[in-house]
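S.K.: Quick one: the structure is below, and I'll ask about it shortly.
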Number of protein chains: 2
Amino acid sequence: MTTRRMGLNAVIFGLGSHEAGWRMPESDPLSSTNLEYWIDIARRAEAGGFDALFLGDVLALQQSADLHLSDALDPIVILSALAAVTKRIGLIGTASTSFDHPYHLARRFASLDHISRGRAGWNIVTSSNALEAQNFGLDVMPEHDQRYARAVDVVEATLALWNSWDEDARIVDKQAGRYLDPAKVRTVNHDGPFIRTRGPLNVPRSPQGRPLLAQAGSSEAGRDFAARYADLVFIVQSSLPEAQEFYADMKARAVRLGRSPESLRVFPGIVPIAAATHEAAEARLAQMNRFMIIEHVLAKLSEFLGTDLSSADLDAPLPAHVGSGAPNQSSQSRVAVLVGIARREQLTLRQLLSRLASGRGHLLAVGTGPAIAARMQEWCEVGAADGFNVMAPVMPQDLQSFINLVMPHLNISVGNKP
Amino acid sequence: MTTRRMGLNAVIFGLGSHEAGWRMPESDPLSSTNLEYWIDIARRAEAGGFDALFLGDVLALQQSADLHLSDALDPIVILSALAAVTKRIGLIGTASTSFDHPYHLARRFASLDHISRGRAGWNIVTSSNALEAQNFGLDVMPEHDQRYARAVDVVEATLALWNSWDEDARIVDKQAGRYLDPAKVRTVNHDGPFIRTRGPLNVPRSPQGRPLLAQAGSSEAGRDFAARYADLVFIVQSSLPEAQEFYADMKARAVRLGRSPESLRVFPGIVPIAAATHEAAEARLAQMNRFMIIEHVLAKLSEFLGTDLSSADLDAPLPAHVGSGAPNQSSQSRVAVLVGIARREQLTLRQLLSRLASGRGHLLAVGTGPAIAARMQEWCEVGAADGFNVMAPVMPQDLQSFINLVMPHLNISVGNKP
């Protein structure tokens, strides 16, 4: 075994990863617009030994707005506030390459990196939702490959802007009246297929040089993109063989591009429901699932799979034809994962819906602290993970249960960067 | 006299309003990228009784980057961080309508309003600098009227997004599984000449309903725009008659649009240099001016006026032809103000440069606390101001001097909103 440490990010999307989490007795759904809610989570995660907070984002109020909590404050606003009240924990926020300009992206994340003294991260997404497109003046999202082509251009321009200042550009010679060394701050004149920007950035080089870059695409274009740019890849694969395949593939791609395999870390998402006994953990999951609104999750699954499942038998397996049609291209690889789960585990449609509701198809780990820890340890030892994006189903309860019950059994040095 | 109170915003742009402030012995120019610098200023301003912090912004590193400190962190990042460490003070940030989309603008400022519990403000600018245009893929800025036409479209879309949620839309009925009342969250389907957006916003209605709106244009289009949308107008007029004209004009425009005159407040900028004696204050200004780099300020003035002044006699009045040519359209009204100052006060070119350097042509108030306070009081009593945007030339020293020496002599109830 090598001495590498398991990385742990606390993923936060609204009140937790479970669709119905807001209906749990202990949940306060109105709290997600209060800063106190975020400060409480950040402090728990920091004290509990997480490396970073990881904020997902979607640029639209999602369809079933009458049923589901999908409103969310801007991640950069939340993370900037949290920078002021935390000391050590990383602050990773999602922003889309499809709807923002590199000058803004480069500047915001560099600013966050400055005020947090080097704790900023950007989770790069291309967006895939038609509602997002319509909020930004398009009728539909551009095709998958077109979105990635723009993403490459946006990231290249953003990197160039971050590199437009040398670390020692601010000479601050009061006597001579020279604030900058002009040789160390350069225009970038990026002129790509989608993006033009002159530069330089109007923010000095940030403490990390550039923020950490995270990415989650698992399509061919997504893997290529991640191998080129990402420090951290967030994967949805929830079976050990699939995760091992993805892990090996990403490391190989990185090496082919001249990167060290360690420079690209692979983090599966894990939805932990930890309790003192296995039965208590299962009971907690069952409670959440009772609050799930079947029609709502079914509509989401139908959209994912590109197949109307509204009249399917909930207690039979996923119909055989599902997954063979022309799925929504934007979530093709997510479809393969979900269909794979259903077939492999011989789930009924109702069971698949529960899996989708609890954490969007990510690894669901229900049990005692030692059992969940052992599973995570195994994934790290057999080449399936360098760490995990921990998606607590209900905040802050399941995050705290993870800290109290799972963390003590993990073979990591809590409080240190992996 | 009415019972209205004088409003006071602390304007912060980098290390202060004086071009050469960073060269003062007490200045730490590297501090402006540290959160501690901003927290210190925010706490001084809050404790000192200011109503709001007001952060200017330009989306480019300005020309003479070798000489002048013009880098600046993103205002929304700074203000979000300050929301976490302040309780009462308003948080007004500049953002441009020319380079951002209403969905992002609406969401960011609503998010800031939520986390600050109703303290957010947006200073709406259209941007005028060719370098900004080039950072965002244009060669030059669109024409002045075109920029304002876009600004109207952007603000209308942004207002529609803020209005897409009713205050009581979140019903949070756990039992019924209804998070929102769908009748109280609406699409906006804004379809304007520049902007399309579907909505609704993915952020609930914010504590203020919408953030405070500030604006600074003084052209005809700028005044029209402010009369329609602004709660607060930031003016550059530095003589009493000019400010009175502007004040009366803005109130009249507001009334013609069916607004109450009190709903639009006019704040001239003031650059205070307060000291125990008039002589000490003058000496402080002279010290700052000694650090001014004449060629640099001359280049800026030349650009403003659209006239090359590099070979003009510094100790003679501004050449007679200046201001009659075709100036840079974007700063036409600023030009009129600067030329007006020079002619009215019979300044030499060198004196005009000092005025420009200390606070970009805003009212310069050098003297004892009581003298500065009396002047501010007069402006409020004779219909030239409802309050002031206080632009300390060197931070935090001149802000603290204002608080210590001027504030006690102002007839305002410190700590209350005006």
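Glycine too: its Cβ is placed from the backbone N, Cα and C atoms.
Please treat TrEMBL annotations as automatic predictions, because they have not gone through curation.
Worth saying up front: this structure is predicted, and the values here are computed from it rather than measured.
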S.K.: Taking TrEMBL at its word that A:THR94, A:HIS144, A:TYR148, A:SER218, A:SER219 bind FMN, choose the one of A:ASP40, A:ASP51, A:ASP57, A:ASP181 listed for that site.
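M.R.: My reading of TrEMBL gives A:ASP57 as the candidate in that site.
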S.K.: Using only the residues recorded as binding FMN (A:ASP57, A:THR94, A:HIS144, A:TYR148, A:SER218, A:SER219), report the maximum Cα-Cα distance in Å, whole number please.
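M.R.: That value is 19 Å for the farthest Cα pair.
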S.K.: Have a look around A:TYR148 (FMN binding site) and count the other CB atoms within 10 A of its CB, chains all included.
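M.R.: So the number of other Cβ atoms within 10 Å of A:TYR148 (FMN binding site) is 20.
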S.K.: As a test of reading the model: what is the averaged pLDDT for the domain 'Luciferase-like' (A:29-324)?
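M.R.: Per the prediction, mean pLDDT sits at 93 for the domain 'Luciferase-like' (A:29-324).
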S.K.: Given the binding-site residues A:THR94, A:SER218, A:SER219, which one has the fewest other C-beta atoms within 10 angstroms of its C-beta?
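M.R.: A:SER219, out of the binding-site residues A:THR94, A:SER218, A:SER219, has the fewest neighbouring Cβ atoms within 10 Å.
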S.K.: Measure from the Cβ of A:ASP57 (FMN binding site) and count the other Cβ atoms within 10 Å, all protein chains considered.
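M.R.: Its Cβ has 20 other Cβ atoms within 10 Å.
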